[in-house]
Amino acid sequence: GLGSCFSFQAGVTALGYYFVRWQTLANAVASTGVSLGFTLWPLLSQYLLDEMGWRNTFLIFGGILLNCCVCGAIMRPIQPASGSLPQSAKPEEEPGSRAEEAQLSNGASPYHPTLRQHTRRTNGFQMLQKYLAFDIFCQNKGYQIYTIGVTWMMMGFALPHVYLVPYAIHNGVEEHKAALLISVIGFINIFIRPLTGLLSGHRVFTGRRIYLFSLAVLLYGLSNFICVISAEFSVLILYCVILSIAMSGVGALLFQVLMDVVDMDRFSSALGLFTILESITLLIGPPLTGLLVDITSDFRYVFYNSSFFLISAALFMGLSFCALEKKTKLREASKARLDNPSRYQYSETSTEPKAENQSPPAFEYITSI
């Protein structure tokens, strides 16, 4: 798990630097490897377990995963253009340095216990801000809404993948057919994810990918009700097809939307906090649902729970970003009125010559907008 975190976060961050115009498509193609794993891994693991045992199976899997080292070696650092430095490379005054200088100017010794404690506390807070993006979470409303929405979504995201095969076997589907359901999801994902990335990368969807993402999450949640209706193998195949289409949208846009709401110079830190929070709920969701199934002996609660978390998260993200967009437009319009007050002022011009016996004079109001 630790190795996966290191390779995963570095890979996603490097991808954001390597691509600009085709960034959405690149994210979708890169995440297609997940779909390929969904397709091949259940079949390959079952075959290796039957033929070689679990020890040799783990050795083979370890050899396959070692190819991540080769992929990581191919990723070379991107050099900035000559004469230009990244924004993050410019020296900045660290928060808290002024307070420390003020105490030193007042005669406090740098070795004073109170000053040392304050410095340690300040440095610790700076480390959290720099590497876990707490400052971005507090200041960037888009990042805040998206992180909370995805964290809540993950409570139900993995439930169908964990419990679909046991649910099918529990309702009389043969074990090999039940294992085939996961491969169906992965196989369709291989083709749908790149298409989703290509579609969402069009300039029409620039700045609106969050709504596509919310729509995919909503479809993901609604598809779970198919399993509640029937557990026949043909119905479960239909469920896997619809689920994989929705999952393709979620997988292709999950990190692209994050790149849209956060500047790339802080993307790595934002991704760190993002993955920590979503991993916590991803870890909590399946055991809690499994406990509920053990108590009730009813697998339908798996899909009820998944639908609840996914649909509520989709509505929260979509409506919140819509409200945030309207608020931003109103703020920009108000700022434009303040910056250009002459556009909204009016002038008075007399339409008739003044006369002593004429009272009162008539005026025509000419308003320039």
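The backbone N, Cα and C atoms fix where each Cβ goes, and this holds for glycine too.
As annotated by TrEMBL, domain 'Major facilitator superfamily (MFS) profile' applies to 1-330. The transmembrane segment annotation in TrEMBL covers 25-44, 56-75, 145-166, 178-198, 210-230, 236-258, 270-289, 301-324. Residues annotated as region 'Disordered' in TrEMBL: 82-116, 342-362. Annotation comment: TrEMBL describes 90-101 as compositional bias 'Basic and acidic residues'. The compositional bias 'Polar residues' feature in TrEMBL is assigned to 342-360.
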Count, for each of 25-44, 270-289, 301-324, the Cβ pairs lying under 8 Å from the transmembrane segment (210-230), and report the range with the highest count.
301-324
Counting only residues at least 6 beyond its ends, the same-chain positions whose CB falls under 8 A of a CB in the transmembrane segment (145-166) are 137, 178-179, 181-182, 185, 210, 217, 220-221, 224, 227, 236, 240, 243, 250, 254, 257-258, 261, 273-274, 277-282, 284-286, 289-290, 293, 299, 302-303, 305-310, 312-314, 316-317, 320-321, 324
Which whole-number mean pLDDT does the model give the domain 'Major facilitator superfamily (MFS) profile' (1-330)?
81
Beyond the flanks of the transmembrane segment (25-44) by 6 or more, those residues with Cβ under 8 Å of it
11-12, 15, 18-19, 179, 182-183, 185-190, 193-194, 196-198, 200-201, 248, 251-256, 259
Contact set of the transmembrane segment (178-198) with the rest of its chain, CB cutoff 8 A exclusive, min separation 6+ beyond the ends, reads 24-29, 31-32, 34-43, 46, 161, 164-165, 168-169, 236-237, 240-241, 243-245, 247-249, 251-253, 256
With a Cβ cut-off under 8 Å, give me the same-chain residues at least six positions beyond the ends of the transmembrane segment (270-289) that come close to it.
5, 8-9, 12-13, 131-134, 136-137, 143, 147, 150-152, 154-159, 162-163, 255, 258, 262, 301-302, 305-306, 309
